[in-house]
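Novice: This structure is in structure tokens; I'll ask about it shortly.
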Amino acid sequence: MNNSTSPNHSTSSLEEWGSLLLINRIVYRGYFLFLIMAGTCGNLLTAITLLRVKLRKYTTCQFMAVCALLNIGVLLTNTLNMMLSQGYDIHLRSQFDFAWCRINAFVAQWIRGMASWILVIVAFDRFQQSKTIRRTPTKNKHTVLYTIIITGLILLLLNLHYLLFTGNKVVLSENTTFLACIFDKYSENNFQKFFASTSTWQELVTYIILPCILALILNIFIIQNSFLSPINNEYLKSRSKSRTRRVTTMLLASNIGFLALVAPAQIFYALSFDPQRGMQSYDEYKSFIIQGNIYQCLINTYYAASFVFCFASSSVFRCEISKLLSKHYKPKHSLGSGTGEIYSSHENRPFINQPRISGFHRSNSSQNDDYLYGRKSLKRATESTIETDGFT
């Protein structure tokens, strides 16, 4: 009985393993490649649209444009690294030496941290504006630049350990060495052991939990100030109020996407993921791979979906996208074009834009020119007579 069932069990296990590898290839080779390409184009288009004249006067749109560019950085660092390592077994960060590994890890973590905290900063900026509605949305042109520089320096210090201690040489089978671009908890280096046990929790608290709590609180106050009990300002036109609310809705959509996709997946992934733990059984390993695929899909989908959030939540954004793509701009000289429409065509007004002809060879239509010239001469003579009568 046991002998007859064991081949069937092994066959089913091989089939399950083959299906799992197929799903893994589809996720990391197909879906992640789609996220990188579509997300890079979408985030770039989002940044260009948010920095157009009509929207960049809002500091909210300026911060969100920076966030879209940072999302591109996340896609080209973390998502690309996951696609190559999990989909093609190419460990990009381990290709060269420790410097290459540490710089890649540091840049990837710094960009992820910036992308998380920019959402908090833009939520705080929107909360400040929701308390007092002003005519001019921006006071200081350099506010966004200074805020980004200060935030970047703080996160640089918080991620400095990635630049100094990431990576360790490990011995694989057949006595081959491999540069593992992680913090190794079995390393003889005390710094490696310390950061191997604390870096996951530090990243979870500083990049996910704390930004999510602050963003959630600020968004609640933004909704209260902007929609539930909006500030009345008699000096602000209703159209400007509506546009301000649509910008606020665009921000809320991005924050909700971060809270719904990134936060839960990142928390569960951090709690369950340990690259150096041993799997007790095949079922445990299978469950680990499936959960990892789901979490990574949710996390990386958010960084590629900025365009979707903005496009779906704001009619102002859709209008600017339409202008950008269709190139239907308003004519600058609207007064001149309007004046031209008042007059009739050249056929009905032959004395307008008539070419000047020298000498005695004139056309029959020059009678109109003679008439206008006579009117001007009579007017000048009358004016000169009036002036002479007044000063004599």
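Residue 1 is the first one shown; counting continues down the chain.
The backbone N, Cα and C atoms fix where each Cβ goes, glycine too.
Whatever TrEMBL says is automated annotation, not expert-curated.
For 42-272, the entry in TrEMBL reads domain 'G-protein coupled receptors family 1 profile'. The feature transmembrane segment is assigned by TrEMBL to 31-51, 63-83, 103-124, 144-165, 204-228, 249-273, 293-317.
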Novice: By a Cβ-Cβ criterion of under 8 Å, what residues six or more beyond either terminus of the transmembrane segment (31-51) are in contact with it?
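Specialist: Here the qualifying positions are 61-62, 64-66, 68-69, 71-72, 75-76, 79-80, 82-83, 87, 297, 300-301, 303-308, 310, 317, 320-321, 324.
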Novice: Hey, which of 63-83, 144-165, 249-273, 293-317 has the most Cβ-Cβ pairs under 8 Å against the transmembrane segment (204-228)?
Specialist: 249-273
Novice: How does the model score the domain 'G-protein coupled receptors family 1 profile' (42-272) in terms of mean pLDDT?
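Specialist: Mean model confidence (pLDDT) across the domain 'G-protein coupled receptors family 1 profile' (42-272) is 83.
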